[in-house]
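Novice: Structure incoming, see below.
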Ligand SMILES: CSC[C@H]1O[C@H](OP(=O)(O)O)[C@H](O)[C@@H]1O
Ligand SMILES: Nc1ncnc2[nH]cnc12
């Protein structure tokens, strides 16, 4: 299978550089319209796609991002590897603003979003024990190091609903009691949906602030985040441009991401809802025989 890397750009990352034959294309899905058009092209012989998570001009809030449409659209156009690039707050002194974290675990505290492609008429339970693809994450780590970025290998990302930032009590709870390393508002349900769609998913969190727990730093404000984001976005674009050479155009995933639905569907075939099955054409076509 020919591979395609899709980058979902978070706050401050609204495009990527250097694509050949680049064009923005509109993609419609059974789950609605994605956050924006998708930029497609090739880089070092590999197919690439880019989707700005909040839309160009940052129009979608973390709650209103159409996560299901985004993941379906990427799957529909042939993406195999999804690299999420996100801004985050840090719960660790040694994860400083300007540094990157290759996230490998999540705690999902979001509550006002659609979190699954499945449901009544076709129930599925996928494993989220290891929510990111170790192969894709390793390539991102290497790409960041090669780009000269200070990057941390592994970290737990607390996904909060937002859009307001955390209270001090919440920030301390996540940091001191729950052992979280970084905080953001968007990687869930994105990672869950990517797993349901049998896509490899890696998350690069770019530290912009110390949230509000740090006694020597003011509580986070958007203006401070934006200042750090400008430098981070440039580093992220450099990192992304190294991925095709590191991943190789045709190397398959050996971590099981692409077989996530193999034993996940539990609704009896005769009880399945044809309307839902039709909507699952891109996401679950492999196991539904469509
Ligand atoms: C602009 S500050 C808060 C905003 O930034 C992060 O977005 P993303 O994850 O898409 O980079 C955070 O999750 C919030 O949505
Ligand atoms: N402190 C923070 N909390 C939640 N999302 C963020 N994105 C960037 N910084 C953040």
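Any Cβ shown, glycine's included, is placed from N, Cα and C.
TrEMBL labels come from automatic prediction, so no person has curated them.
So TrEMBL has the following annotated:
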- 5-242: domain 'Nucleoside phosphorylase' (DOMAIN)
- 11, 53, 54, 86, 87, 186: phosphate binding site (BINDING)
- 166: site 'Important for substrate specificity' (SITE)
- 185, 209, 210, 211: substrate binding site (BINDING)
- 222: site 'Important for substrate specificity' (SITE)
Novice: List which of the recorded positions 53, 54, 222 have their Cα within 10 Å of the Cα of residue 185 (substrate binding site), in sequence order.
Specialist: none
Novice: Looking at the recorded positions 53, 166, 209, which have a C-beta within less than 6 Å of some atom in ligand 1?
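Specialist: 53, in sequence order.
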Novice: Name them in sequence order: residues not among 11, 53, 54, 86, 87, 186 whose Cβ is within 8 Å of the mean position of the Cβ atoms defining the phosphate site.
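Specialist: So the extra residues in range turn out to be 9, 10, 12, 13, 62, 85, 184, 185.
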Novice: How long is the line from the C-alpha of residue 211 (substrate binding site) to the C-alpha of residue 166 (site 'Important for substrate specificity'), rounded to the nearest angstrom?
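Specialist: Approximately 8 Å lies between the Cα of residue 211 (substrate binding site) and that of residue 166 (site 'Important for substrate specificity').
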Novice: Give the distance between the Cα atoms of residue 166 (site 'Important for substrate specificity') and residue 53 (phosphate binding site), rounded to the nearest whole Å.
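Specialist: The Cα atom of residue 166 (site 'Important for substrate specificity') is 21 Å away from the Cα atom of residue 53 (phosphate binding site).
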Novice: By CA-CA distance, flag whichever of 209, 210, 222 among the recorded positions is nearest to residue 54 (phosphate binding site).
Specialist: 222
Novice: List nothing but the largest Cα to Cα distance in Å, as a whole number, among the residues 185, 209, 210, 211 that the record says bind substrate.
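Specialist: Result: 15 Å between the two most distant Cα atoms.
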Novice: Among the recorded positions 11, 86, 166, 186, whose Cβ has the fewest other Cβ atoms within 10 Å?
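Specialist: Comparing Cβ neighbour counts within 10 Å for the recorded positions 11, 86, 166, 186 gives 166.
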Novice: Out of the recorded positions 209, 210, 222, give me the one sitting nearest to residue 53 (phosphate binding site) by CA distance.
Specialist: 222
Novice: Could you say whether, by DSSP, residue 11 (phosphate binding site) belongs to a helix, a strand or a coil region?
Specialist: coil
Novice: Of 11, 86, 209, the binding-site residues listed, which put a C-beta under 6 Å from ligand 2? Please answer none if none do.
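Specialist: Cβ under 6 Å from ligand 2: 209.
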